[in-house]
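If you look up Swiss-Prot, you'll see C58-C99, C86-C147 marked as disulfide bond, on the strength of sequence analysis. Here Swiss-Prot flags 26-158 as domain 'Ephrin RBD'. Per Swiss-Prot, N-linked glycosylation site is recorded for N33, N98. The annotation GPI-anchor amidated serine is assigned in Swiss-Prot to S175. Taken from Swiss-Prot, the feature region 'Disordered' covers 161-180. Annotated signal peptide per Swiss-Prot: 1-25, in sequence order, evidence recorded as sequence analysis.
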Amino acid sequence: MRLLPLLRTVLWAALLGSRLPGCSSLRHPIYWNSSNPRLLRGDAVVELGFNDYLDIFCPHYESPGPPEGPETFALYMVDWSGYEACTAEGANAFQRWNCSMPFAPFSPVRFSEKIQRYTPFPLGFEFLPGETYYYISVPTPESPGRCLRLQVSVCCKESGSSHESAHPVGSPGESGTSGWRGGHAPSPLCLLLLLLLPILRLLRVL
């Protein structure tokens, strides 16, 4: 049938020429420095969906930097007790990244965490739906920085579970931060493609 190649072309064009909102991942940048009051207070929370990315941007300065010196620190994943105490000494704490290049050329150092259930990489981290994960930073001895904290809530909890709304990190006018909430509804284009696939199979039979 002449309609079959045309329909196949339309489907591939839609898949390749579109980001398919609701079917693709989003990136969530967090500028990790002590000018962010929510990271300082420890009430910063972001909600992420699977296949989203958490992008951590380290402090970055033009030479010679601030008079008090540049912020440098190590970032850790910890449990709740480590998060409350802002310490990385617990048995479940481990270092995730190291922000040690405040004068990196061209742009700040960025570390990316992909929210995924399984990872093929030995240094990757595997997340569970409905769980909350805790990040803290510990300043190096020569750094003027302070302990910063972030909670990452992974969508979604099991049906019937209570869910407290999380506060996004950053808002208009808040210094150096931005954040979004996860849990993305499928886009109309994505749903349309899913509906057309059975029709395509039927046309191949005919």
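A Cβ is built for glycine as well, from the same backbone N, Cα and C atoms used for every other residue.
The structure, with features from Swiss-Prot marked on it.
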| residue | record | DSSP class |
| --- | --- | --- |
| N33 | N-linked glycosylation site | coil |
| C58 | disulfide bond | coil |
| C86 | disulfide bond | coil |
| N98 | N-linked glycosylation site | strand |
| C147 | disulfide bond | coil |
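For the disulfide-bonded residues C86, C99, C147, the ranking by surrounding Cβ atoms (within 10 Å, all protein chains) places C99 first. If you take the Cα of C99 (disulfide bond) and the Cα of C86 (disulfide bond), they are about 17 angstrom apart, rounded to a whole number. Per DSSP, the secondary structure of the domain 'Ephrin RBD' (26-158) breaks down as 11 helix, 46 strand, 76 coil. Neighbour counts were taken as the number of other C-beta atoms within 10 angstroms of each residue's C-beta; across the glycosylation sites N33, N98, the minimum falls on N98. Note on the domain 'Ephrin RBD' (26-158): mean pLDDT across this stretch is 90. Sequence-distant contacts of C58 (disulfide bond), defined by Cβ-Cβ distance under 8 angstroms and a gap of at least six in the same chain, are W32, C99, M101, P102, A104, P108, V109, R110, F111.
Per Cα geometry, C147 is the residue among the recorded positions C86, N98, C147 nearest to N33 (N-linked glycosylation site).
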